[in-house]
Structures are given as structure tokens and as C-alpha cells.
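Engineer: Not my notes, these are from TrEMBL:
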REGION    1-28  region 'Disordered'
COMPBIAS  9-25  compositional bias 'Basic and acidic residues'
DOMAIN    464-781  domain 'PDEase'
BINDING   HIS537, ASN538, TRP539, THR540, HIS541, ASP576, ASP686, GLN738  AMP binding site
BINDING   HIS541, HIS575, ASP576, ASP686  Zn(2+) 1 binding site
BINDING   ASP576  Zn(2+) 2 binding site
Amino acid sequence: THRISKWFAPDRHPSGRENSVRHGSAENGVHCTANSTVPDITEERVSAFLKCHPEFLETWVMEEVQLEQLERWIIRRTQKEKKKTGSGAGRKTSLSRWKFCVHADKRQMLQEMTSSLQRRPSVGHVLWELTGCIASAVGADGHRLYLPDTGDSESLCLYLGHADPECQLLGKATVPNIVARTKEPLRISRGHPNFPTTGNNELEHLMYEPVVQPDGELVAVLELWRKDSESPFHEEDEEIASSYLVWGGIALHYARLYLSMSKQRKLSDFLLAVVKSIFQDMMSMDTLVTKIMNFAQRLVDADRASLFLLDSKNKELYARIFDIRSNESENDSDSGSRTHQDREIRFSVGKGIAGQVARTGEILNISDAYSDPRFNRTVDQMTGYHTKTILCMPIFIRGVVIGVMQMVNKNTGYFNKEDEEAFETFAVYCGLALHHAKLYEKIRRSEQKYRVALEVLCYHNSCTELEFEETKQKDIPSSIPGIEEYYFNVFELDDNEKARSSIVMFIDLFGLSRFDKNSLIKFTLTVKKNYRRVPYHNWTHGFSVANSMYAIMKHSQGTFTFIESVALYIAALCHDLDHRGKNNKFMSDTESPLAAVYSTSTMEHHHFNQTVTILQQQGHNIFCQLTSSEYKQVLGHIKHCILATDLARFFPYRTRLQHLVSSNTFSPANPDHRLILQAIAMTASDLSASAKPWDIQFKTARVIFEEFYEQGDAERQAGITPAPMMDRTKPELQAVSQVGFMTSICIPCYALLAQLIPETKPLLTQCQDNLEQWKLLQNQQQETT
């Protein structure tokens with residue numbers, strides 16, 4: 001009291017009276033009596049006192065000033081600082097102010113908003129809850145929320161807290177739209193030129209707050225109002241709203257992030273269901289199209305759907321199934337689609353909405369079909385249906401349009417950007433499904449054609465019943481003189497005699513206790529028929545190789561097991577089935593289909609497959625009485641033996657076997673060693689013409705070179721320069737070629753075989769004699785030239 005008296009001693013008025021001040025209100029939260037008299041003071045003296053006694057100021061403010069007035073003072077000071085420092089620090093200042101002005105009630109509101117966010121994490125709902133919090137914080141009597149229209153970002157839609165905003169678009173000149181364009185807060189009262197004149201006449205004051213993302217995107221416009229004419233909105237109300245938006249912006253960010261992830265997950269689950277469904281059922285293109293349309297309708301919530309495929313040859317779009325309605329399930333769509341299958345729709349590319357999309361390959365999203373000149377109203381007039389909105393999407397494969405998907409009339413509002421993006425992703429899977437369905441259809445047709453061709457081939461390439469009966473009725477001798485000798489001359493027999501001799505050799509080796517004679521006869525006759533009439537790789541060669549293998553096994557009984565022996569004989573008989581007289585290199589150079597099917601040992605793989613094909617024909621399976629394990633083993637050995645006749649495989653086999661023999665590590669008990677021995681035996685039998693008496697060898701060489709020359713002629717026609725030994729203009733190279741061939745391949749092969757199977761040494765001896773004959777011819781040709 002003493003300090004106050006000292007600082008505020010009364011100033012005397014010239015009249016001698018003390019100055020007095022009358023206070024008739026509680027201005028600034030200080031309560032004074034109506035006629036109280038205070039010392040005559042100045043602002044300077046009061047300011048000086050408060051600066052010198054801050055503890056007095058704090059005590060007085062805490063006891064005398066209301067909380068709401070403190071908030072208003074803080075906000076005004078904050079605004080003043082914002083104007084000094086500029087707008088760039090606005091958010092930081094607001095956040096600082098947030099720590100002071102938000103009391104327990106406001107924190108409770110934000111906690112409730114956070115809880116609500118967890119229950120309904122939609123952007124609209126978050127903004128609606130945030131608007132409610134702000135309205136409560138500033139003491140507003142009511143609020144509205146406006147969201148950008150999905151179809152037109154420059155228009156606003158009124159949101160009333162429902163799942164979707166009402167389709168009540170605002171005019172471009174309304175106050176919310178003005179705020180949306182300027183992105184600045186606005187406070188107006190009745191009497192202002194922009195104050196709305198329609199609607200609720202009880203409203204006196206309005207405040208608008210734009211919600212703007214950091215990237216400048218407008219998210220919403222908040223509208224708050226008061227009905228009391230004496231309570232306008234002040235700048236501190238704007239600051240409170242701005243402070244709430246700081247927190248709300250974070251909530252909104254996470255709501256958008258959650259929604260984006262949720263939508264992506266739902267879309268991924270949806271597309272996975274689509275893939276499972278449509279890729280599991282590709283038996284019918286119509287069924288697949290129906291499924292695709294049903295899925296597409298569910299994806300974008302469309303009332304009707306159509307899928308048009310592109311006929312690239314005629315430049316037309318066509319559809320047998322169209323106009324699927326949203327109330328048709330996948331089950332009853334089958335019956336519904338049958339009503340459309342009889343009348344196919346066709347129209348040229350470029351006509352109508354779908355035709356335009358097919359021509360340009362671009363998406364069309366039409367919010368008002370009747371205002372678009374490309375829309376064809378004829379269908380609506382015929383059906384009585386009213387088309388409002390259309391979303392039309394091209395379907396691509398490898399950058400080429402193969403179809404067009406058209407969605408009609410979204411059940412709620414308009415097709416938006418999200419629908420376009422989801423539909424575009426869906427269209428990729430549609431394209432894949434349609435493409436694979438077409439491929440499957442082609443494969444299915446090709447398979448049917450293949451079956452027909454195979455049936456025809458089997459009929460014409462199988463022995464006839466007449467041939468079978470004639471062979472069966474003729475006596476098959478138990479033995480043939482000289483047939484088990486290495487020098488047997490196969491040219492002395494005709495083709496039918498060779499077939500009967502093949503049967504004789506088989507029965508002699510294996511008997512008939514485990515084999516059916518009728519199947520053996522049919523199998524042998526059909527094998528004979530499947531050798532082509534080429535100069536060398538014909539039935540005579542096939543029989544000759546089988547005869548040589550028979551002679552090896554007869555002279556070395558016990559070397560091979562029963563299964564190995566059966567496989568070696570059948571492989572020798574069938575090793576060149578359907579040979580075309582051309583080698584593997586020719587098949588590769590001319591890009592033969594066989595070379596595309598078999599990248600290595602092309603012809604040998606084909607020979608084995610032909611063998612299996614014959615075995616699979618009715619009445620031809622000579623192994624039908626073997627056990628399952630034996631059947632599997634014998635087929636495996638047959639494949640190994642036939643592939644071993646590829647001379648490209650001979651060289652690694654020879655190298656490995658030479659190492660085993662030289663190191664004395666060859667073991668008949670080792671399965672791999674036995675396989676190598678089988679391979680060498682097959683090569684020896686395949687080259688047996690070089691180990692026949694000289695007259696047979698020379699005659700065989702002539703037909704071999706004739707086949708070589710025919711390949712050379714074919715290569716020359718294909719623009720390929722033939723190898724010298726295949727050039728018919730160079731017959732003088734025959735002896736040279738034979739000397740080189742026998743020296744590098746035949747002699748090493750028979751030498752190895754003789755070391756492991758001594759009984760085969762006559763083959764080596766005869767081959768060496770023939771080599772000397774070819775050397776003699778070579779020398780004679782050199783002397784004459």
C-alpha cells in the first residue's frame with residue numbers, strides 16, 4: 001500500500017478537486033464500482049510501476065483477469081508477432097500458442113477426435129470431426145464442411161457427416177468457393193456484400209477456414225457461424241482454428257495414408273480374386289468375358305457393363321455378351337448371356353464412345369453422356385434405359401488394343417480419378433486373361449488338329465491288317481544261315497524278308513515267354529513302314545544296324561543284362577526312324593521345326609519319340625508284359641542308346657572310355673561304365689557298313705554319298721554353301737573323305753570295343769582292311785590327277 005501511495009500520489013486539479021474516473025463496465029476483465037474514485041494517474045506512471053514490480057502485475061492478473069481474456073490477449077500478441085516476423089513463421093507461432101490456450105476441455109475434444117479417427121479413418125470423417133472440434137473451441141453455434149467435387153476440382157460439395165458428400169454442388173460465386181480459390185481465411189458479418197442472403201436468416205456472423213496441404217492442394221473449406229449479433233468472430237478465433245488445423249493436419253495426413261494403403265490392399269485382394277477366378281476357367285471365352293464384366297462392375301460400382309473385342313482384320317469391335325447388369329450374379333449371368341449369344345453386335349472402330357477409345361487407345365470418362373456428341377442415343381431409345389455417366393477403358397496387350405471395356409452409370413455419383421486408376425490396373429489383368437484365353441483357344445484347336453493328324457498318320461504309317469496276317473501266316477524260321485555273322489550281307493534280303501528276319505533275331509535273343517508274338521509282328525512291320533525311302537538312312541540301314549547289334553550280343557553272351565540287351569536291339573532297329581536324309585546341322589541351318597523342338601541331337605530325339613509313338617499304338621506295345629519298373633528301365637536305356645548314335649556324343653564317350661581302359665579302372669559293375677559301353681556298341685553297330693566285306697562297304701559308300709549330295713543340293717537351294725564331301729560336283733573327294741572318317745572315328749571305335757569285348761575284334765580287322773582299300777583308291781586318284 002505504501003508503494004502504491006508513493007507511486008500514485010494524487011495530482012491536484014487547478015480547481016483544488018481530485019481528478020476522478022467513472023467506470024461503468026468491467027472493461028478488460030477489471031471490475032470497478034460505478035462511481036469509484038482513483039488517484040489521477042498517467043499511463044507512463046502505471047507502465048513504470050509495472051515494469052519495476054512484475055510480481056505485483058502477475059499476482060493482480062492471476063486474481064483479477066478472466067481466463068478467456070488471457071487467451072484473447074495471448075492471441076492478439078501472437079498475431080502482432082506474426083505480422084512482425086512474416087507469414088513464414090505462422091505455423092510455428094500457432095503451435096507455440098497452442099501450448100498456452102488449449103485447456104482441458106479442448107484436449108478432451110482432440111482425444112475424442114483421435115478415437116473417432118481409429119473407428120472411421122475416412123478423409124471426410126476426419127475433417128468433419130475436426131470442424132466440430134473447432135466450432136466448439138471458438139464457441140460457434142454451428143458448422144458446415146465443403147469438400148472438392150471428385151468430378152470437378154474447382155467446385156465444392158456440401159458434406160454433412162455421411163459416408164459420401166451430398167451431390168449438392170455450390171455455385172462458383174459462393175463464399176466457400178471464393179475461399180477455395182484464394183485459400184485464405186475469411187470473417188464476414190451480416191451486411192457484408194458477400195454475406196449469403198439465402199438460407200438461414202438467423203445467422204449473423206460467418207468464419208471460413210481453408211484446409212490446405214503443404215503442397216498447396218485444397219482439401220476442404222470449413223464454415224462456422226454465430227447467431228448472436230453482439231459476438232462477431234475475431235482474429236483470435238482464426239488463430240484457434242489455425243491451431244486446431246495443425247493437429248488436424250497430422251491426423252488428416254495419417255488418415256489419407258491409411259486410406260491409400262487400405263485401398264491398395266483391397267485392390268490387391270480384389271485383383272488376386274480376379275486372377276484366381278478368371279485364370280481358373282479358360283474353357284470358354286464367353287464365360288471369361290462374363291466374369292470380367294462382373295468383376296469390373298464391382299470394382300467401380302457401375303450399373304451396367306459391356307466388353308467389346310477387336311477384330312483387327314476387319315477393323316471392327318464385336319461382342320456376343322454385353323449389357324451385363326449389376327444385379328446379375330456370376331451364376332445367373334450364364335443364363336442371361338445365352339440370350340445375347342445368338343445376336344452378335346459389330347460396329348466399326350471409331351464409331352461411338354467405345355469405337356473412339358479403340359481408335360485412340362485413351363480412357364474416356366464422361367460425366368454427362370447426352371452432352372457428348374460421340375454418344376449414340378439409339379440404344380437408349382430402343383431399350384428405354386437412360387445413360388448418364390460412362391467410363392470407357394482400352395485393353396492392351398503388347399501395346400496393341402485388343403478390346404474395350406465400357407462401364408455405364410455409376411450407382412453413386414460420377415466415375416472419378418480413383419475409378420480410372422483402379423480400372424486401368426484391372427484392365428491390365430483383363431488383357432492378360434483375354435490374351436491367354438485366346439492362346440488357350442488356339443492351343444486347344446491346335447491340339448485337336450494334332451490329334452486328327454496323329455490319327456491319320458498312325459493309320460497310314462501302321463501296318464495294315466493284311467500285312468500283319470500275311471506275315472503271321474508265313475512260317476517264321478527259327479534261324480537264318482549266316483545272320484549272326486559280322487559279314488552278313490543285308491542287301492540279299494528284300495524288305496519283307498528283313499522284317500521277318502528282325503522277328504527271328506528278336507525271338508532268338510529273348511524268346512516269347514515275356515513278349516506277345518502278335519505285338520512283335522505289328523511293331524516290326526510298323527517300324528519298317530516308318531523308315532523313309534531315302535538313299536541311305538532307310539529300312540535297310542535300320543535292319544543292318546539291328547543285325548550288327550544282334551551279332552555282337554550273340555558273340556558276347558552275358559556281357560549285357562536282359563533289359564540292356566532288349567533296349568540295345570530295339571534301339572538299333574529304331575535308331576533312324578523317320579530320317580529325312582539330312583543331318584542335324586542342316587535342320588538347324590534351315591530352321592526346321594524339328595530343330596526348334598529339339599535343340600541338341602535333333603534327329604536322334606525325333607527317332608526316339610517315333611519309337612515311343614509306335615509303342616503307344618494299339619497292339620504294338622511289345623513291352624506290355626514287363627513290370628512297371630522294367631518298362632521304365634527299358635525305355636530309359638532305349639533313349640540313351642538312340643541318342644548315342646549322334647556322332648557329336650561319340651567323342652566325349654570315346655575320350656572317357658579310353659581313360660578308363662588305359663587306367664585299368666573300367667568296371668562292369670559300375671552303371672555309368674556300362675552306359676558308356678552301350679553307347680560305344682551302338683556307334684559300332686551304326687557304322688557297321690565300314691566293317692563289312694569290301695564289296696558291301698563300297699556299295700554302301702555309294703548310297704551314303706548319294707544322300708550327302710542330295711543334302712548338298714538342298715543346301716544350295718537354300719542359299720547355303722555345302723561342305724565339299726556333300727558337293728556332287730566333287731566326286732573325287734569320296735576316297736579322301738572315307739579315309740579321314742574311318743581313321744578318326746571307325747578305327748578308334750572298333751579298337752575300344754575290341755578291348756572291352758574281344759569277340760568283336762573281327763569288326764576292327766575288317767575295318768582296317770577297308771581303310772587300306774580306300775587309301776589305295778585315294779592314291780590312284782592322286783596319280784591320275
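Using the three backbone atoms N, Cα and C, a Cβ is placed for every residue, glycine included.
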Engineer: How many neighbouring Cβ atoms, not counting its own, are there within 10 Å of the Cβ of HIS541 (AMP binding site)?
Structural biologist: 24
Engineer: Of all the binding-site residues given, HIS537, HIS575, which residue's CB has the most CB neighbours within 10 A?
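Structural biologist: The most densely surrounded of these binding-site residues is HIS575.
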Engineer: At a 10 Å cut-off from the C-beta of GLN738 (AMP binding site), count the other C-beta atoms across all protein chains.
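Structural biologist: The Cβ of GLN738 (AMP binding site) has 25 Cβ neighbours within 10 Å.
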Engineer: Cβ within 8 Å of the Zn(2+) 1 site centroid (HIS541, HIS575, ASP576, ASP686 excluded): which residues?
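Structural biologist: Neighbours found: HIS537, GLY542, VAL545, ALA572, HIS579, THR645.
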Engineer: Which value in Å gives the longest Cα to Cα span across the AMP site residues HIS537, ASN538, TRP539, THR540, HIS541, ASP576, ASP686, GLN738 as recorded?
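Structural biologist: This binding site's residues have a maximal Cα-Cα distance of 23 Å.
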Engineer: Considering only the binding-site residues THR540, ASP686, GLN738, which fall within 10 Å of HIS575 (Zn(2+) 1 binding site) when distances are taken between Cα atoms?
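Structural biologist: So far as Cα distances go, the binding-site residues lying within 10 Å of HIS575 (Zn(2+) 1 binding site) are ASP686.
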Engineer: Measuring CB to CB from TRP539 (AMP binding site), give everything in the same chain under 8 Å that is also at least six residues away in sequence.
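Structural biologist: The list for TRP539 (AMP binding site) reads ASP495, LYS498, LYS528, TYR531, given in order along the sequence.
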Engineer: Taking 10 A as the limit, how many CB atoms besides its own sit near the CB of ASP686 (AMP binding site)?
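Structural biologist: Result for ASP686 (AMP binding site): 23 neighbouring Cβ atoms inside 10 Å.
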Engineer: Helix, strand or coil for ASP576 (AMP binding site)? Use DSSP.
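Structural biologist: In three-state terms, ASP576 (AMP binding site) counts as coil.
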Engineer: Looking only at the domain 'PDEase' (464-781), what is the mean pLDDT?
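Structural biologist: Mean pLDDT across the domain 'PDEase' (464-781) comes out at 95.
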Engineer: Enumerate same-chain residues with a sequence separation of six or more from ASP576 (AMP binding site) and a Cβ-Cβ distance below 8 A; give 'none' if the list is empty.
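Structural biologist: Spatial neighbours, sequence-distant, of ASP576 (AMP binding site): TYR531, HIS537, HIS541, GLY542, VAL545, MET603, HIS607, THR645.
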